[in-house]
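Please read the structure below before turning to the comments.
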Amino acid sequence: MALVSTATVASSSYHCDLLLFPAARRSWRGPRRSRGGAGARLAVLERAGAGGGLAVLERAGGGSGAGLAALERAGAAAAAARREEVVPAGNGRSSSYEVESLIDRLSNLPPRGSIARCLETARHRLTLQDFAAVYREFSRRGDWQRSLRLFKYMQRQSWCRPDEHIHAIVIGVLGRQGPALLDKCLEVFHDLPAESRTALSYTSLIAAYARNALHEEARALLDQMKAAGVAPTAATYNTVLAACARTTDPPVPFDMLLGLFAEMRHDVSPSVRPDLTTYNTLLVAAAVRSLADQSEMLLRTMLEAGVSPDTVSYRHIVDAFASAGKLSRVAELFSEMAATGHTPDSSAYLGLMEAYTSVGATAEAVAVLRQMQADGCMPTAATYRVLLDLYGRQGRFDGVRELFREMRTAVPPDTATYNVLFRVFGDGGFFKEVVELFHDMLETGVEPDMVTCENVMAACGRGGLHEDAREVLEYMTREGMVPTAGAYTGLVEALGHAAMYEEAYVAFNMMTEIGSLPTIEAYNALANAYAKGGLFQEAEAIFSRMTNNAGIQKNKDSFDALIEAYCQGSQLDDAVKAYMEMRKSRFNPDGRSLEGVLNAYCIAGVVDESKEQFEELQSSVTLPSIIAYCMMLSLYARNDRWTDAYDLLEEMKTNRASSTHQVIASLIKGEYDDSSNWQMVEYALENSTLEGCDYSLRFFNALLDVLWWFGQKARAARILKQAVKFGLFPELYRDTKLVWSLDVHRMSVGGALVAVSVWLNKLYDRLKGDEDLPQLVSVVVLRGEMEKSTITRGLPTAKVVYSFLNDTLSASFHFPKWNKGRIICLKPQLKKLQSAIDSSNGSATAGFVPMTNSHLPSPGSKIYTREAQVDNGTAHLPDEPLVEEKESELLPL
């Protein structure tokens, strides 16, 4: 019978990208050097002749590619005597040098250059083993042209004529290039005399067809091999089986695969016994076809034959039963195996556990762990990691903690386990717990890797833990780890949440200095820091640097940051323009984006546009956030639309999808002031912090704003106290001997008035207590480049806070010449206030601002829409400061 015709081999209908047998890996001795140098490829030539001839084929069971690699190595030992007669062995070290030199010369040889000249100096000093090493290097590069030219040269020479081993290697090199070169594979095969062909050369040719998904041709070659009297080996059958099993268009019937398997089992030759590779190939085919019963049959046959399943075997068994919807049967099989003394290894249980976790079957996954322990198989760290990750994704953080405690008594946690915990708790909002776990990791001697440090830094960033982030960065530096852009991004974000803008900018620039180029996430983190404080000019500058210098285009998060920066900086038209630009850039706005535009409309006080935007938000998301509801409530209150406000409150209170919405609505209405109900409020507030500082700042700003405009000053003061307790607004209170300062530049208008009221009452207590007075007290209403601009006075927060301070304390505060973002009161004015307090002994005044809760206004009330409402920021601002100060004295402060 003639060999397979190649008339249809190059047809486009075949899947040429299916590599069944990957190229054998190179083995190098000594340090790696640059590619192309004389000593860059010190091959371990001894391995080319290691093994025991065809006996190696019986042990080839590490996968389809491993079988072929063993075949290639086997040929060296089988023809060792002939080589020694043809070519002297030579010294090993000098031979390696010759191989390197030959590879370099051949690599630099032009297309029509002479191969004979390349080999002149090495003639009779190279063995066939050396030539095999050269072919392997060219195979690794995919350089089949040079391989074929060298092969044809060797055919014409008596001193280095190729043996079967060389033929097999060259066939393998050509077969990896796709079906177009299969004709050349046949030519090389035919060049080998028929009497010299063994299982090695036949199997290499079969593998060439198999890796190109030509299973029919591979099967025909097997039949021709038998007809020629050449006995197949297990590797030969495994190659054909793999080709048939992986064919999908159309798939080969499983019965045909079982037929090949039966041939192997009944072959009289001991070298054709099914091995682990055989069974794994069949198990893969059964899994793909969802044949659970056949998988079970193969497992039993496997155990009866004395072949132990490995991780791959168990994984495919689980896949077969999972695709057939019979996972529970796998657990029964494992129990039966354990009862007969064939206890599955930990990887088997792990695969079953992962199958359950993929469908969210938590109880069943935990049951696998308990079965594993009952069967006498010790769980591994990987076993626990699967469950820890599953609990975390389901938000069962108490379960994560309990399981981790159990794990520590059974198996020491490794780095990968801690990385799962860092990710789980970081995503869950338990940022401080991540830092505590990191210290625990170091104390137990588990070495962090880069993923560890990035996860911890990310948690510090979201939680605003800038001191902890710095400690982690210092640890990385001490340990010789170069911080990545991801690690620095966490530090930038953490510093930004603490309003430490200069430090955040320095950390951002450090990335470039150490060679970790900032990513878009890093740019967004810095821009978000500026956005929270209304530093829109700085945000514009960083995005301009990102686009023009780094060549990175803004994404949706970038636009969200820019919109927030404009809103907080009262550049409302620019905020709407940024939103429209985002839409033009084809980024679909989400709830966060729509909230940003709603904030702009609400700050501007346009009711109809705000209502329309809120309705769009309602149609786009399942449920608008509490932040969006609070924005609308504040808008309605400032415009005396009390009927609309109460309707919206009732909508929140009757919402069944979110208990937090109900609690906040009841809080605003004054129904949760008693201690027992207030615990529900504290719980809702604490849950908001689990979303990270970015969300928490917006949440508390919106809530404080609505409480102020609803006249709920006492409740607002309690909410502000909670925000400070949670670590939000760390810049709010700063006192030195020279300055007592309040910083409200990151707060909403209502939130700023709450903070100013609480601070004024604290100031009252301090003045009444005869404390040493500072040179001035200062209220920071704005930071950044805008501190230099006089238009600051007309911005909403500055305007309202200025009016409120001077209405409360009789024009004691003014804008200084040296900074337009601060409202100050000098020491002489403080002394006058102190004297006024001292002269009012016996009065019932508890502070400068009464912090009481007003009754909710009835519909139709006109509280904020009457003319000349000072509290709403409509009072006239003087063009010049009320008090002249010596700038030379104030600037150092």
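Note that Cβ sites are derived from N, Cα and C of the backbone, with glycine treated the same way.
Curation plays no part in TrEMBL annotations; they are all automatic predictions.
In TrEMBL this protein carries:
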- 198-232: repeat 'PPR' (REPEAT)
- 275-309: repeat 'PPR' (REPEAT)
- 310-344: repeat 'PPR' (REPEAT)
- 345-379: repeat 'PPR' (REPEAT)
- 380-410: repeat 'PPR' (REPEAT)
- 414-448: repeat 'PPR' (REPEAT)
- 449-483: repeat 'PPR' (REPEAT)
- 519-549: repeat 'PPR' (REPEAT)
- 555-589: repeat 'PPR' (REPEAT)
- 625-659: repeat 'PPR' (REPEAT)
- 742-831: domain 'Smr' (DOMAIN)
- 874-893: region 'Disordered' (REGION)
- 877-893: compositional bias 'Basic and acidic residues' (COMPBIAS)
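Through the fold, the repeat 'PPR' (555-589) approaches residues 520, 523-524, 527-528, 530-536, 539-540, 543, 546, 596-597, 599-601, 603-604, 620, 746, 786, 795-797 of its own chain, all at least 6 residues removed from its boundaries and within a Cβ separation under 8 Å. Panel annotation: around the repeat 'PPR' (380-410), residues 346, 349-350, 353-354, 357, 360, 362, 365-366, 369, 372, 416-417, 420-421, 423-425, 427-428, 430 of the same chain, lying at least six beyond its termini, place a Cβ under 8 Å from a Cβ of the stretch. Long-range contacts of the repeat 'PPR' (519-549) within the same chain: residues 461, 485-486, 488-489, 492-493, 495-497, 499, 501, 504-505, 508, 511, 555, 557-558, 561-562, 564-571, 574, 694, 697, 745-746, 782-786, each at least 6 residues beyond the stretch ends and with a Cβ under 8 Å from a Cβ of the stretch.
In the repeat 'PPR' (449-483), the DSSP tally of helix, strand and coil residues is 27 helix, 0 strand, 8 coil.
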